[in-house]
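Novice: My questions will all concern the structure given below.
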Amino acid sequence: MIREFLKRRIWFYFAGVITLIVVDTLQLIVPKFISRAVDSLNVETPDIGVAKLMAIGIIGIAIGMFFTRFFWRFFIIGSARKFTYEARKILYDKILSLDMSFFDKNRSGDLMANFTNDMNNIERMLGPGIVMMVDASFMSVITLFFMATSVGWKLTLIALIPLPFIMLISLVFGKFIYKRSKKVQDTFSDLSGFTEESIDGIRILKSFSILPKFENLFLDRANRNFRATLSLVKVWGIMWPLIHFISSLSYFITIAYGGPMVINQKITLGMFFAFNNYIGMIVWPLTAFGWVINIIQNGRASYTRILEVLKTQSKVVEPDNPVEIDEINDITIKNLNYKYPDSNRYVLKGVNLEIKRGQLVGIVGTVGSGKSTIVKIISKLYPVERGYVYINGYDINDIPSKIVRTKISYVPQETFLFSTSIKNNIAFGLDDFEEWQIKEYAMLSAVHSDIERFPKSYDTVVGERGVTLSGGQKQRITIARALIRNCDVFIFDDCLSAVDPETEEKIISSLRKSMESKTMIIITHRLKVLKDADIIYVFDDGQVVESGTHKQLMEIDGLYADMYKKQLIEESL
């Protein structure tokens, strides 16, 4: 990715390096002009005209440096920012294209680090890193040349004796700084993640009266971040004074050896003044040598981490010869044995299901029996081998994921609302919608009356993850969001657990009446709501152990009947 980018931007970088060299050269000419000006003001034979000319020359150089500095920043730093802009887009598109098994293995915090810390490290490598590299190589050499032409090689070499230690210090301390900077980033990430989690769960914290405990946990993380930051500051606090001390030794040597040369008129006062300026200028290139190495190391490590994500292939493979379908008429699962990617445990064993258009299908069973896995496979959120799952008689692997997901509306167990208005949450993903549609589907999901009681009705902003709403309200809004898409198949994966049984029955009854031609798959633990289902599949340990209508399953008097009777007893208590 970087190689292709550099090929496209090679002329930008070339122009940037040329203008940077021009800036460095102009910067090195200034002491020469000052030297001439100082010498022209000699007490015995002063020449004001030369001094004025040198002053005008310095102003001209300053103007030239102003423009060339702008251009090298535009060409080099601008190109580095262009890379991160393009790379973030590529990374974002890649992550969105991956199946859910990828997100099962990768934490959101790590992925966010790819977008922030890693991208910043690469930007530093392609921007300031290149600038430092040019400065470290070109400016150090050319400065030596200017120093030698000012006072000769003897004083130059003597004055430079301490300066190589600056390069060594920046290299050694750079490693310490990198480790401590990473520690600061890690502790800050932990602190911000904990803070976000605490705010998201503020209702739980208050209801359980554990705020003091969480305050202590917060302070512990804040102290760790503070100690890490303080450790970094200490390293900086030692390094820079040490560099200044070593550069001061060069000034001391210059005065000790160069002073007598001025007195003995071997060099002029202006030459001596210019030489001291060059010593100050060469400190930065020598420091930059160590920085460049660390910046490149950090950039390469970050680039490797990003490449790992970019090289990841989605396990849900898109077909070479896709099959187009206008609507979903039936879904068939034949003898499916299934285990999640990178897992050796089968979560489904010999499962057979048949779902017809317009049916209300119930899926019930024991905890962890594979109920949610089935609907995730049907929605193409997880990969499945050929020959097991069919839509309209076609293997699901022959139908593009986009088509399947536009025909199937899946409401998962975990609700997620965006920090925007209720209206925008319900109409999420729709480019064109009417107000009456929003209200119609809110009524179907039995949340309209709740919304009307809010101060701004449908324009009420729900806050981060819908924190201002109750669990039941959030679930019903997510159902309205699914219904407004008007898909062929609606899957409700235990998404009404926070709603009372009467409201759940009312919602499902309303949906059945208003959406007779639609297929509904309902996963629930409340079996009463499935009394009118066309067929119910009962799961246990990854297998379909029973299937039939509510009446048929009660007559079988098996697992379903036991679960139903227990629920009746619990409700009567």
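Placement of Cβ uses the backbone N, Cα and C atoms for every residue, glycine included.
Under the heading transmembrane segment, TrEMBL lists 12-30, 50-72, 129-149, 155-178, 235-258, 278-296. Annotation source TrEMBL lists domain 'ABC transmembrane type-1' at 14-298. According to TrEMBL, the domain 'ABC transporter' annotation covers 331-566.
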Novice: Taking contact to mean 3 or more CB pairs closer than 8 A (sequence separation of 6 or more), are the transmembrane segment (12-30) and the transmembrane segment (155-178) in contact?
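Specialist: By the criterion, they do not touch.
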Novice: So what's near the transmembrane segment (155-178) in sequence-distant terms, Cβ-Cβ under 8 Å and 6+ beyond its ends?
Specialist: 144, 147-148, 232, 235-236, 238-239, 242-243, 246-247, 249-250, 253-254, 257-258, 261, 267, 275, 279, 282-283, 286-291, 293-294, 297-298
Novice: Across the domain 'ABC transporter' (331-566), what does the mean pLDDT come to, as a whole number?
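Specialist: So the average pLDDT across the domain 'ABC transporter' (331-566) works out to 84.
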Novice: Using a Cβ-Cβ cut-off of under 8 Å, list the residues of the same chain that are 6+ residues beyond the ends of the transmembrane segment (129-149) and lie near it.
Specialist: 13, 16-17, 20-21, 24-25, 28, 31-32, 72, 76-77, 80, 156, 159-160, 274-275, 278-279, 281-282, 284-286, 288-289, 291-292, 295-296, 299
